[in-house]
Amino acid sequence: MGRIIFVSFGLLVVFLSLSGTGAALNCASGWSGYDQHCYKVFDKPKSWADAEKFCKKQTSGGHLVSFHSSEETDFVVELVSQTLESQILWMGLSKVWNQCDWGWSNGAKLKYKAWAEESYCVYFSSTKKGWRSRACRLLGHFVCKSPA
């Protein structure tokens, strides 16, 4: 009887230790799992567009991280704090000004365009609360997210 309890306890410890690594969600090696998704922090800074392309190449369905709850945000911030000291991490939110549906105040359609190349993308901080925007061309670390 004592052996069964010991073995059961051992299996429970192994299961609990693997549940936070992504192993329970079939995440690739080096990726961490949370709520049916896999996450990985990358420490080589890239522009927003290059980071998004990179995430798409890493795994099927991969993108820059998106947040859908405060619990998910807390999970990713904790994951980042174990890997980086960076305060600027790209996330998959952007506003590309020259792709919006614009119109003139007099009702005329916008036909002539002279947009500057600057677009703004959103980053989050591993040490400060809230999201901020900055030029997409600037470099930042990033977190990729994919379905488990």
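Cβ from N, Cα, C; glycine included.
Of the listed residues CYS100, CYS121, CYS121 is the one Swiss-Prot pairs with CYS136, by disulfide bond. Using a 10 Å Cα-Cα cut-off around CYS38 (disulfide bond), the disulfide-bonded residues CYS55, CYS121, CYS144 reduce to CYS144. Reported as a whole number, the C-alpha separation between CYS136 (disulfide bond) and CYS144 (disulfide bond) equals 16 Å. Nearest in space to CYS27 (disulfide bond), taking C-alpha to C-alpha distance over the disulfide-bonded residues CYS55, CYS121, CYS144, is CYS144. Cβ neighbours of CYS144 (disulfide bond) (same chain, under 8 Å, six or more residues apart in sequence): TYR39, LYS40, PHE42, PHE54, CYS55, GLN58, THR59, GLY62, HIS63, LEU64, VAL65.
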